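Q: Sharing a structure below in structure tokens format, with a few things to ask.
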Amino acid sequence: FFPIHEQEEVEQNQATTWEGYVNWRNKPALRGRHGGMLAASFVLVVEILESLSFVANASNLVLYMIKFMHMSPSKSANNVTNFIGTAFLLALLGGFCSDAFLTTYQTFLISSVFELLGLILLTVQARVGSLRPAACEAGSPCHEVSGGKAAMLFGGLYLVALGIGGIKGSLPPHGAEQFDESTPSGRKQRSTFFNYFVFCLSFGGLLACTFVVWLADNKGWEWGFGIPTLSIFVSIPVFLAGSSTYRNKIPSGSPLATFFKVLVAATLNGCFSRNSGSAVVSTTSSPRNENKESEALTNTLKFLNRAVERNPKYSSMECTVEQVEDVKIVLKALPIFFCTIMLNCCLAQLNTFSVEQAATMNTRLGSLKVPPASLSVFPVVFIMILAPIYDLVIAPFARKLTKTEMGITHLQRIGFGLVLSIFSMAVAAVVEVKRKRVAINSGLVDDGTKPLPISFIWIALQYLFLGSADLFTFAGLLEFFFTETSIRMRSLATSLSFASLAVGYYLSSAIVSIVNSVTGDISHRPWLSGANLNHYHLDRFYWLLCVLSVLNFLHYLFWAFRYKYRGIGTTKQ
């Protein structure tokens, strides 16, 4: 009687609680009370505020460094790409902490405090003139920021980067884990969440590129940094307001430790010529996937099967089938990650050279003078229009057409974005040729101060193409990593989407430096160097990125055609 009664009680508890999840008080999360679209809606509102803060800094920072910190255009561009790259790369740290030690809830709150402190430093420096280099005067050289003032600038920037990284590594998975992936409706809601997450990211960017950038250009840079500071400050109580609705995944230990343990165990057991066929399945106390992952070793990446041994030589290297299969999933997804880096290298140009191009052109729309950094409004508006159309029209139509739960697969979305990035760089090269021709015909090549008689709307074309590419690739990549990887390493895997952005921005800086070094040696005149953008060979640089993007897409096709999904939502309905 008693064992049966206890079994019924366990089954009843499993039916009313979310296995592997807790609420904000660290008690079992309850079905019907925790999780769902209401909980995720708080995350979407917070993303608007967080995006406003980040984009406001990133979009206009290059001009701030040129005008007030007296850096050259190329050095300013490299500093901005390094800052953005570091922020996105630190998303891996945020994702790691969310999987290993903290919940996504705790990681977000800690990271928000870091970003807030960094923004306060930048706001104070922008407000107090004595904390910046002296203004340039006619007939005297400009002095670039240095010493303690440079330390304050970069200290503030990289505190912000640390906070942004933690938020990017915890906020998307926190929202996505609110849905029940064991049901088709839960998986569709999760897909909708990722679409609207990108929508909210874009909406925050829209506010940043219009309202905040205008304030920075017309009312002073203390406003340009002050509004993002206020935005992050407000995001904390908004996030806390949803505490009673969240379900938080229980941390299950370091995913990196598991990753390297499996690799080392497979190598050692291979060296000792153990027979992997004697594998046994052991269970762990880690949170289980709601879909109950298979306990059988698969035939892909067979060399890793050696990590599972009946009597391993080193007991500390004992691995479960579950751990081996987790590592296999990550290794199979990594080539897709590497193939998205080139697209993000192209995206880096929107915050650097594209802004500098627009600054040399006529930025008036009628009687309104538009700040060059507000060009980012074009891709974000297009994304905001396209995201709901995709979710309400394109995706349902594709599901009916293909008779699958997803309709359009993640890899198809990513591939379409890569194609759009190729067209964007070709358009950017053609527009730069036109801009240079206008400068030559107007006799303004050597005068970098007067605006060229050509509208900055021409630059908007490359923004539209890259904005569309970003929607398809980024949303697809977020959902791809979250759904394909194990529940035990989802935050870290999802943060790879932002790490791709980081590596793309670093790659942009590296390509600029390499191009300048090579062209400087060959022609004694680097393509991308000097204070006057009219002397740059920016069109050739864009053509180079276009060719590299084509080669990258061919590389992507090689891996995409060979990738096999885990099967959730890809089968015929």
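Using the three backbone atoms N, Cα and C, a Cβ is placed for every residue, glycine included.
Nobody curates TrEMBL annotations by hand; they come from automatic prediction.
The transmembrane segment annotation in TrEMBL covers 37-63, 83-102, 193-215, 221-242, 333-353, 373-393, 414-433, 453-480, 492-515, 541-561.
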Q: Which residues of the same chain, at least 6 past either end of the transmembrane segment (333-353), have a Cβ under 8 Å from a Cβ in it?
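A: Contacts with the transmembrane segment (333-353): 58-59, 61-62, 76-77, 80-81, 84, 375-376, 379, 411, 414, 417-418, 421, 424-425, 428, 462-463, 466, 469-470, 473, 477, 480-481, 484-485, 493, 496, 499-501, 503-505, 507-509, 511, 528, 533, 538, 541-542, 545, 548-549, 552, 555-556, 559-560, 563.
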Q: For the transmembrane segment (414-433), what are the same-chain contacts with Cβ under 8 Å, counting residues 6+ beyond its ends?
A: 336, 339-340, 342-343, 346-347, 349, 354, 357, 458-459, 461-462, 465-466, 468-474, 476-477, 480, 538-540, 542-543, 545-546, 549-550, 552-553, 556-557, 560
Q: As a test: from 37-63, 373-393, 453-480, 492-515, 541-561, pick the stretch that has the greatest number of Cβ pairs under 8 Å with the transmembrane segment (221-242).
A: 37-63
Q: Under 8 Å for C-beta pairs, could you tell me which stretch among 37-63, 373-393, 453-480, 492-515, 541-561 has the largest tally with the transmembrane segment (193-215)?
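A: The stretch with the most contacts is 37-63.
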Q: Using Cβ atoms and a strict cutoff of less than 8 Å, what residues sit near the transmembrane segment (373-393) while being 6 or more residues removed from its termini?
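A: Those are 55, 59-60, 63, 191-192, 195-196, 198-199, 202-203, 205-206, 208-210, 213-214, 217, 350-351, 354-355, 358, 456, 459-460, 463-464, 466-468, 470-471, 475, in sequence order.
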